[in-house]
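Quick notes on the structure that follows.
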Amino acid sequence: MSSKKPVVLVIRDGWGRNPLGPDVAKEYGDATVLADTPFTDYLLANYPHSLLGASGEDVGLPDGQMGNSEVGHLNLGAGRVVFQDLCRVDNAIKDGSMGENAVLKTAFSQAASSRLHLLGLVSDGGVHSHINHLIGIVKYAYEAGVRDICIHAITDGRDCSPTSGVGFIRQLEEAVRPYGAKIATVVGRFYAMDRDKRWDRNKLAWDAIVLGRGEQCSCSPAEYVEQCYAKGETDEFLKPGIFAYGNEQRVRDNDVVFFFNFRADRARQMSDAFLYPEFDGFDREVTPKVHYVTLTEYDAKYPSPIVFEQEQLNNIFGQIVSEAGKTQLRIAETEKYAHVTFFFNGGVETQFPGEDRILVPSPREVATYDLKPQMSAAEVADKFVDAVNKYDVVIMNFANGDMVGHTGFVEAGIAACEAVDSALEKCVKKVLELGGKLLITADHGNAEHMRNEDGSPNTAHTTNLVDLIYVADDKDQVTLSDGILADVAPTLLSLMGLKQPAEMSGHSLVTPGK
């Protein structure tokens, strides 16, 4: 069988372009500049490159809101600006339609005679949730007659500063006081929002939320968080603190549990424990029969009502490629596998005809990826090189820049970028050998800003632009324009000679001629 001449999209996750430049790279922890990346340097010196907007209104988020992996891959695959759940919920709270939502009305009606548990990430990170959504939900619940409202607050420290949690907890305490709601639990997202089946972490969160196990606190939730900081703990890793109904079954039969995160991937494992009687990830000890509600669709198979149903996207990139009879491959390690499949395919689990997938396991032997910043980049590259000649188009992701960027350890970030650079070289050389073409970009920034001005770690995403690099033998005959992530799918289609559908509002950024 003859080899294909593949078109390849390489997503260097979390690899943005810091506008402050190399002169302040050390001060701001720009791992992408501080790293020794000879191949990336070679590409930028010898191939057309431009910049893409990957945050705010460019990707369907509020102005100034940092981008994230879910949003980035949705826009990359859809070829249009996809308005995000963050904005949809914001608008529903502002215009009052949230209070008229039928799913919420039913949930609040049941909770009026039992207990309402609100579970989710408490920050303004806007990646998985937003504190304003929680405050709005509490208000609407109170107005619907719910009087026993327990908040199980998951602290962030990843999509915002590692010690910003105390401020959010204080803000929440003040905001919900008029409605009699109480913060019953505080626990870090490391435990409550694992997505890699490290069930021992979820067990700690479950025991706290359901059984009231953890540090029994007589102080306020904000004071507890401050005490954790004094012991060297940061928001992501806070052990459970219990502030109401301690050491008893707090989630009971007929209670309502509402997970208010709008992003699905890190909400599924705890949801599985609540929803499935046969769940065996860890010993739950008790399995309360609750009315479980999710803000958005976490899994199409879940037997639970959804407050905001998913908007369906038609004629996305994978669909167009499939309908043209072309073959496609999606490849990433575990941490970003959902992004090149579920999110790139419009937020649905559909695997198109002609679409194959390769999942490379992420390292399980380390708790955080600063301890192994290379992650599985080399293995992803090896699998890619072995498979690429069989496909018309490949979508691949290197997770390192984002996953290690979230740790805030600059030296680890440097090693992560170097690992990606080395793996990228192997992939690019193989594609060029086959006569193929590549677009190299990112879904959002992160690794280019790992240190704050005061020297503290910056673990959050950024609002920076991301590179777009065109790599092909005809590099001297094309011009590459600036754009946004939604322009990538139309560009890929043009490189494949496929017609762009009307639903795609993006534009091809590759034009013939210099």
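Backbone N, Cα and C define each Cβ position, glycine as well.
The annotation in Swiss-Prot ties ASP13, ASP443, HIS444 to Mn(2+) 2, and of the candidates under consideration, SER69, SER494, SER505, SER508, the one tied to the same site is SER69. Matching HIS449, HIS461 to the Mn(2+) 1 binding residues that Swiss-Prot gives (ASP402, HIS406) identifies HIS461.
SER69 (active site, phosphoserine intermediate) falls within a helical segment according to DSSP. Taking the centroid of the Cβ atoms of ASP13, SER69, ASP443, HIS444 as the Mn(2+) 2 site, the other same-chain residues with Cβ within 8 Å of it are ILE11, GLY14, ALA54, GLY67, ASN68, GLY72, HIS73, LYS336, HIS339, ASP402, ALA442, ASN446, HIS461. Closest to HIS406 (Mn(2+) 1 binding site) in space, going by CA atoms and restricting to the binding-site residues ASP13, ASP159, ASP443, HIS444, is ASP159. Look at the Cβ of each of the binding-site residues ARG266, HIS406 and count the other Cβ atoms within 10 Å; the largest number goes with HIS406. Proximity to ARG195 (substrate binding site), judged by a C-alpha distance within 10 Å, picks out none of the binding-site residues ASP13, ASP402, ASP443, HIS444, HIS461. Within the set of binding-site residues HIS128, ASP159, ALA264, HIS461, the entry lying nearest in space to ASP13 (Mn(2+) 2 binding site) is HIS461 (CA atoms). Candidate binding-site residues: ARG195, HIS444. Fewest other C-beta atoms within 10 angstroms, ARG195.
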